[in-house]
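As recorded in TrEMBL:
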TRANSMEM  24-47  transmembrane segment
DOMAIN    40-289  domain 'G-protein coupled receptors family 1 profile'
TRANSMEM  59-77  transmembrane segment
TRANSMEM  97-119  transmembrane segment
TRANSMEM  139-157  transmembrane segment
TRANSMEM  199-225  transmembrane segment
TRANSMEM  237-259  transmembrane segment
TRANSMEM  271-291  transmembrane segment
């Protein structure tokens, strides 16, 4: 009976309810960032599909990253906005399950996808003459599929285990989303097995991809230092700089967020870090990639009817 009761009813997401003034400010800020995140990532996906110049491995993986960012923000921010706007801070059991599944899936997929993107940059810099031969479309599809399937498999395993933990009627989650650590905190049973399994799965999902990224950039750095011309070094750096910034934002936030102790102060920090991770980072990613990328800017100008070649033709 207890299990049945705990698999129904609503959860209360406390979020930022202890700071009413902050709630209204966050509502406005979130609305702006959410609009920018959806617009920016949708634009990258659209341009990567319609512009033939962007039909390359790098933009294929970038469009996958943008799709992940859309999934991440959409699974959390609309619910947060509803809770910030009104007195009700509830989320249904099904809604909580969906959020947890989305967070675990997207987080795992992004870890592996970023390592795949690092390998792509490694091939581009260290083996430029063989780049198109190595990074052929079939391999790109297999690598992307592996990332998606691995993240989803991790979530399929961990989501039911987390939601099945006994809560003894506790439904007040001290967070604005149904995230695994927050749900584990309200459990009234021994959670060591679930936490141990999560730690074990973090090795292939988080640690191995991070190691691959560091190794890839180690080889890239060595290759760049061997380039004698300043122009060549700058070109190689520009090829990888956007990805390095995104990786740094993603992993620094994740590591800091999950290394925090369980006290109240760190839980409050965790809320803001999660907000940064699921809203600010997806907003920044399109700008990080597009502002330093001539191909992306050219594709956007073409869609807007301001392509330079068209303008030159019109001038004649």
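Note: Cβ is positioned from N, Cα and C throughout, glycine not excepted.
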Quick one: do the transmembrane segment (199-225) and the transmembrane segment (271-291) reach 3+ CB pairs under 8 Å, ignoring pairs fewer than 6 apart in sequence?
no
Sort out the residues at least 6 away from either end of the transmembrane segment (97-119), same chain, that have Cβ-Cβ distances under 8 Å to it, and list them.
58, 61-62, 64-65, 68, 71-72, 75-76, 79, 91, 143-144, 146-148, 150-152, 154-156, 158-159, 162-163, 177-180, 183, 205-206, 208-210, 212-213, 216-217, 243, 246-247, 250, 254, 278
